[in-house]
């Protein structure tokens, strides 16, 4: 019999034969279409079946040698400007072109060449990374050679059995068959998948665990699973084993226990399905007797899947079968491009370019129409044109044809109106801002984690300077996500006497002193333990062994020690815990410190060293039967285990609202006291969980196990079926107590949030915490202050309009109406007063607040609130709220640190990820990454603000200089009857944007600076120049003024030069100046004008600015000399023109001095008038900085801030000195000493929540005036604010 089993086990079945057996197997899997599942056969020699599967080669590169040019050029020609310039270059090949073709092709080739080279370099790096990844090696079972064969990763195929050793990566997605450990577990590092550094525990399928090299020859199995999908945390599949699986010697007892034991999500070993008996036939291996093939089906859960991108740790070897390869692996299916985001400035550039195109079209049409009519009616009157000798394609009598040819000529000639180098310059500046300024900012470097700030995209630098609303997660973002066990409630009594910072802040607001707050707060006498900040003399140091509630305390500690998925590592005296979340680690650590130490875990059991009432320590083994995993939807985790005494217990921990709904008794002294304790913990900002249990009889458990196994092996709707079974067993719970864990705020979070709020940004906190916890965290981090009116929106579940029989539609209608009514009341309060307001809204109410009926009201109210807190929100609701705020027109920044924040980060205009304890998924989905929340202040107020200002000014100037040149061409052509005659040599035109005006643009974009960052921190509301008013690129007055200034400069330059170069002789030989002499003079005045113009608008001069501006002008003169010395075939009309004809004339030198000054003086006077009469915020701060550097404090205090929006303290008097000090400090109500000698310490509050205004006569005599000034100019977060 044994021999027959061995023959059956070693027979090789083809996929078709195995499929025939599977088709006869009925069970929990049900009848599922083959199109809905993937079936993988091991050790298959059917190459046709394998060809249907994708290979394991991966490619992240965008291009190949064949596709590089077509695809990269396609990317470039998605820009309308590049299409235009290519069209112009093509038209320059025609006879009607006024310029030589190479002068239009050269700048286009340079621009496209720079972009293509950049693309090629980046893609080459990706190709090198792909080559390295695909060339890694792994051992694959080769049935032909009956042994292991080392192959490249890209040679691995679906169905291969692979062997992975310690510290190797997994080449594909693999079902774990066997591990090198007797209990079938292995440890996996998933940092490349989700960024989490803690190790994950994976378990082999119980029925195959124990297999090794000696078993794979003739091993027959089929895996049925989901089709390839991107979900990293789900997997639905079954493994079908033919006959009795071969076992490693000495493992029969263990295997038997595995098959007899209850399946769990830890091991996923539930057995179902029936055997299929098939007689020998032609399709089966020929044997002398009938062979009965029995197929046994076992479920495969996510805990048995090893994903590509993860690495094997702390385990010598594992064996598995490949199910997904290459781009069908989960990590590759998740490697999607992030949402395409464009900054507001970039969109504005598009609109300006469209304006330029409109202007160009108008110039071409007007010129062509006038040219057609002039040729028809006046052309022959000008005999010197010799129109009789016209080319055949030019017919003056046919004005339509003349118009068409003239349009093409003008289209080419006026093309310089569109800045061809704009995109290249903007991209270069953005790269410098991202890679040098942000990436290398030492103030944003976190030494503890060796993490620098990172700009994952350079497209959104300037958008950081236009933020209106910040949406932030709490846990791990505002807090450290380092959990410490702080307090607990057991059997209705609270334990833990510590006082945290939030409790201190709450008590201080109530008027208590520090001594009163700390009274009764005992401290632990033993050495502190990281993650455990709990002390209570009634239970600490094992005092609980003599407590009257000792049985309940023992049950509480037992549940903490057993109900988890934590993996202990090391010896009993030096245990380290690997946990999937910091909360779980803190709870297990608390149980350890109080006498229940979890020391070992294997596939089926958990070993705990327990201290009994006599002080003796005993090690007990708990059989783990099932783990019902925690999810954001379930909000709970349950573990079914068997005690050493044989009792089956379900331990459940979760959110209070979930646990209380499942209690056998929802009312009672314990339940009420525990709820009070939960509320108190929440007010202290602590994270709470309820601890409960239920004892299960053998019958109840057997029935659950049967249904759970059937659900677990289902291939359709498995998750829904499993959850239904789980929900049924998680009832009739008994409440034991609750835990309170502290998650401390990160360093300088309150100061950062306060500074951002003072800068005019609205702050939204989106958290899953309870309302009380969220509110107290809000107070602790300065989101909420005592001066604010806090409005709360909650659902009233006991509404009289509802009944037990109310349908879902009826309940939704009532709840929507509730939210509408609350919004109406809050709106009246917000509109009435001038106080600051804050809104707190719960997640269940938020679901009805973002409906079409209430969304507008929500946005209107939030627009009047300084802070908004949304609590009990799901990840989906975070993304929905972000989308809603975006639709209101606000520019949003979302910041988070975990996978649950990804939706919010991707939905916002700008996503910022924090590299924290919850992994790197938020960072991998973000646009910018920082290590600590406090760095957000510098990212936004420094880099964002200055990037916006630099790019805004740079782009405005770019269009200015091109309009000047384009209009001068148009004006001259109007004098030449729109014949297409150009005034400038065509090479002059080609070099305009590349040589003579590009460096000043780059200097502005890279080096311009208005005020120092320390000044911005003192006066943060200067940030509103971009965020609120868009002062540097608004349609009016900024873009409009640039255009008007360009039109004026073009008119002045053209008319002055035209009038100066008349028919008078200006040479000793009596000859008059020629066309290109005049053109050279006009071009010189244009170059000087546009360079002086940028010099006049600079806020900051460096050596680079001097080099760029004066160097560009010098470059033009050197170019004239060099280019004029070229062969006449190249230089043509300007050969030796400059040195021999232009330079000797006095008129030229007078014109190039006078004309640029006349062209820029009006703009200069207008700017100076604005600076004196209507000073912008940064201009006033520049004066403050100058006086501060000079040490002239009196002049600094006397700076006139009359029209500045930043003023909060104004001290003017007739006949006395005017002292006006900027506010920028706070949007909150300011308090300053009154101007009364009798009561110098009293204060008066401003009636405005945005700015304070106090008028004092003779400020020099005012007591405490210096203290007022010092208090106002102290940076936020520094000193006494």
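For all residues, glycine too, the Cβ spot is worked out from N, Cα and C.
Annotated Mg(2+) binding site per TrEMBL: 473, 475, 897, 901, in sequence order. What TrEMBL lists as ATP binding site is 473, 474, 475, 584, 630, 653, 687, 767, 768, 769, 872, 878, 900, 901. The domain 'P-type ATPase N-terminal' annotation in TrEMBL covers 43-104. Taken from TrEMBL, the feature domain 'P-type ATPase C-terminal' applies to 923-1175. Residues or ranges marked as region 'Disordered' in TrEMBL: 238-285.
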Cβ neighbour count (within 10 Å, all chains shown) around residue 687 (ATP binding site): 22
Residue pair residue 630 (ATP binding site), residue 473 (Mg(2+) binding site) - Cα distance, angstrom, rounded: 20
Reported mean pLDDT - the domain 'P-type ATPase C-terminal' (923-1175): 90
DSSP-assigned states of the domain 'P-type ATPase N-terminal' (43-104) in counts, ordered helix, strand, coil: 30 helix, 0 strand, 32 coil
Distance from residue 768 (ATP binding site) back to residue 897 (Mg(2+) binding site), taken between C-alpha atoms, in Å: 14
Residue pair residue 687 (ATP binding site), residue 475 (Mg(2+) binding site) - Cα distance, angstrom, rounded: 10
From 768, 872, 900: binding-site residues whose CA lies within 10 A of residue 475 (Mg(2+) binding site): 768
Span of the ATP site, taken as the largest CA to CA distance across 473, 474, 475, 584, 630, 653, 687, 767, 768, 769, 872, 878, 900, 901 (Å, rounded to a whole number): 25
Inter-residue C-alpha distance, residue 473 (Mg(2+) binding site) and residue 768 (ATP binding site) (nearest angstrom): 9
Inter-residue Cα distance where the pair is residue 768 (ATP binding site) and residue 901 (Mg(2+) binding site), in Å: 11
